[in-house]
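Trainee: Pasting the feature list from Swiss-Prot:
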BINDING   Lys46, Gly53, Arg54, Gly55, Glu99, Cys102, Glu107  ATP binding site
BINDING   Asn199, Asp213  Mg(2+) binding site
BINDING   Asn264, Gly321, Ile322, Met323  substrate binding site
DOMAIN    9-244  domain 'ATP-grasp'
Amino acid sequence: MNIHEYQGKEIFRSMGVAVPEGRVAFTAEEAVEKAKEFNSDVYVVKAQIHAGGRGKAGGVKIAKSLSEVETYAKELLGKTLVTHQTGPEGKEIKRLYIEEGCAIQKEYYVGFVIDRATDQVTLMASEEGGTEIEEVAAKTPEKIFKETIDPVIGLSPFQARRIAFNINIPKESVNKAAKFLLALYNVFIEKDCSIVEINPLVTTADGDVLVLDAKINFDDNALFRHKDVVELRDLEEEDPKEIEASKHDLSYIALDGDIGCMVNGAGLAMATMDTINHFGGNPANFLDAGGSATREKVTEAFKIILGDENVKGIFVNIFGGIMKCDVIAEGIVEAVKEVDLTLPLVVRLEGTNVELGKKILKDSGLAIEPAATMAEGAQKIVKLVKEA
């Protein structure tokens, strides 16, 4: 689950992580009123959308007067902002974050992530702040420093200080930086985050260490422990199909292709998309039906896939373990009838009750193309979509 920058900074502030003063605004008039509350001559007007790259896309403005705050607010509100993370359709700006300006001395990058290779939380940091960390990793990987954190001990003060020294935090600010990192780690753990990224972290002329921009993602599987976090969810920033999928316990992510996919298991789903790509097709989505799909769930999955007007064909790839192939087959037949499917449909079943499942599909009299393997199924759906 994602939240807005201003919401993340409120969490930081409440847990002892230093951030500049800021207020959220929904109108240009409100933006000016919020700016008046600051003891500053410089203000930062920031578009609030669930995507990075806002600065490069023109979504962050520096205002040196209240009149400029109003001008920038009017310019941004209602605008569709396109960044490298939004896709070409962009996202509409519906709210702004008005922040007090600060005298930046140097920008840095700091992030806490879960390292799948070590199964531990890793602190990453670089003195190349303000740019995409992927770009730094590609061009100057030697400028990225890491600390692997023992889950029993947590982030140690000496690790925080070592990172601060490695990224050349000024000596007079090292202790503040270490305290900052320890507080940030506490946010990561206490709020069950999957990522906490500060880019940039800044030191100021006054020797302070502050969050200038932040990204927080939460582990969806832990949200039941954080009702306060769930309340921060902005459904207007999410794909309606993804929202509908979550209601039916389906994992759905929209992509920009034209072949809809319904699979059980995240690993098989990714392998299916890779296979479609290998044979020259483009997946329209990632959809994991999970291990306990019912007929109703399969029907809802079809409806969600067909909610994407770009879909020109569907590939169902199911391995029946807990999920029995005959139940899936019955669900597919019912779904095809209910949604009155006219698009090409290829189904590959394997596992428990597979022969019974195949018989149900064959006896249905519907235009369902069977496939014996994932590769065969991918080839068939790519061919059918191209011929359609």
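Indices start at 1 and increase along the chain as displayed.
Backbone N, Cα and C define each Cβ position, glycine as well.
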Trainee: For Asn199 (Mg(2+) binding site) and Glu107 (ATP binding site), what Cα-Cα distance in Å is obtained after rounding to a whole number?
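Mentor: The separation of the Cα atoms works out to 8 Å.
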Trainee: If you draw a 10 Å sphere on the Cβ of Arg54 (ATP binding site), how many other Cβ atoms land inside?
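Mentor: Taking all protein chains shown, Arg54 (ATP binding site) has 22 Cβ neighbours within 10 Å.
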Trainee: Mind looking up the mean pLDDT for the domain 'ATP-grasp' (9-244) in the predicted model?
Mentor: 92
Trainee: Relative to the Cα of Gly321 (substrate binding site), which of the binding-site residues Gly53, Gly55, Glu99 has the closest Cα?
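Mentor: Closest by Cα: Gly53.
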Trainee: Could you tally the C-beta atoms, other than its own, that fall within 10 angstroms of the C-beta of Cys102 (ATP binding site)?
Mentor: 19
Trainee: Output, ordered by sequence, the same-chain residues six or more apart from Glu99 (ATP binding site) with a CB under 8 Å from its CB, or 'none'.
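Mentor: Same-chain residues close to Glu99 (ATP binding site) (Cβ under 8 Å, separated by 6 or more) are Pro20, Glu21, Gly22, Tyr43, Val44, Lys46.
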Trainee: For Asn199 (Mg(2+) binding site), name the DSSP secondary structure in the helix/strand/coil scheme.
Mentor: strand
Trainee: May I ask for the distance between Asp213 (Mg(2+) binding site) and Glu107 (ATP binding site), taken between their Cα atoms and rounded to an integer number of Å?
Mentor: 11
